[in-house]
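Worksheet for the structure shown next.
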Ligand code: C5P
């Protein structure tokens with residue numbers, strides 16, 4: 001099994017959570033969301049190291065948390081950018097070692113180890129692999145509040161992180177996106193721009209991103225179920 005480095009953008013403001021501070025500092029079962037997420041990778045023997053992008057003013061708080069929660073694998077903390085893609089680009093520039101890298105939202109603490117393993121395996125063989133789940137709802141395209149089209153659901157996937165890539169491929173995609181002024185909503189989009197096929201690895205519906213206050217309630221339930 002190939003080892004990997006994980007890049008974790010953690011420099012968001014979490015406006016949709018409405019906490020008034022970085023939502024990653026909110027607690028689930030008494031532990032900050034960020035520490036739950038880092039703990040997944042701390043415990044994974046195949047994870048060689050973590051690179052975090054953070055807001056410079058939050059760095060001291062995060063350093064204290066790493067100590068308090070016994071997180072030892074953080075190799076670098078780089079300043080995040082105004083957009084998530086820029087925060088990830090800063091992590092990409094900080095990594096030098098090649099191999100397979102994962103990009104994972106620090107706000108998704110419930111990712112399963114077997115999904116991580118599969119992503120690394122597929123990215124190692126083919127270059128790019130992303131986690132996703134089949135769409136459960138019926139999806140319609142609307143114009144001015146009127147349905148224009150119902151999309152064939154059998155082809156639709158809801159995409160999550162982690163997204164795994166051979167490092168050289170992700171670096172090339174990131175540099176091209178920056179040169180082109182292209183802003184994607186995930187890393188797969190910038191790799192797709194290179195014309196490289198991106199494979200889907202089926203993940204689980206509980207790999208939710210802590211985005212709004214309802215997600216915290218769901219998160220508490222998921223933690224109880226796992227304990
Ligand atoms: O806002 P959202 O939850 O979609 O962000 C996903 C992840 O990206 C979060 O972990 C957040 O901290 C991070 N992020 C970042 N830099 C930004 C915006 C978001 O590192 N400018």
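Using N, Cα and C of the backbone, Cβ positions are placed for all residues, glycine too.
Marked as site 'Transition state stabilizer' by TrEMBL: 16 (among others). DSSP assigns residue 16 (site 'Transition state stabilizer') to a helix.
Here TrEMBL flags 23 (among others) as site 'Transition state stabilizer'. Applying an 8 A CB threshold to same-chain residues 6+ apart, the list for residue 23 (site 'Transition state stabilizer') reads 12, 14, 17, 33, 107, 210, 211.
DSSP classifies residue 153 (site 'Positions MEP for the nucleophilic attack') as helix under the three-state reduction. Here TrEMBL flags 153 (among others) as site 'Positions MEP for the nucleophilic attack'.
If you look up TrEMBL, you'll see 209 (among others) marked as site 'Positions MEP for the nucleophilic attack'. According to its DSSP assignment, residue 209 (site 'Positions MEP for the nucleophilic attack') is coil.
Packing around residue 16 (site 'Transition state stabilizer') is summarised by its Cβ count: 13 other Cβ atoms lie within 10 angstroms of its Cβ, all protein chains included. Residue 153 (site 'Positions MEP for the nucleophilic attack') sits 22 Å from residue 209 (site 'Positions MEP for the nucleophilic attack'), taking the C-alpha atoms as the reference points. Shown in sequence order, 105, 107, 108, 160, 215 are the residues of the chain, 6+ apart in sequence, with a C-beta less than 8 angstroms from the C-beta of residue 209 (site 'Positions MEP for the nucleophilic attack').
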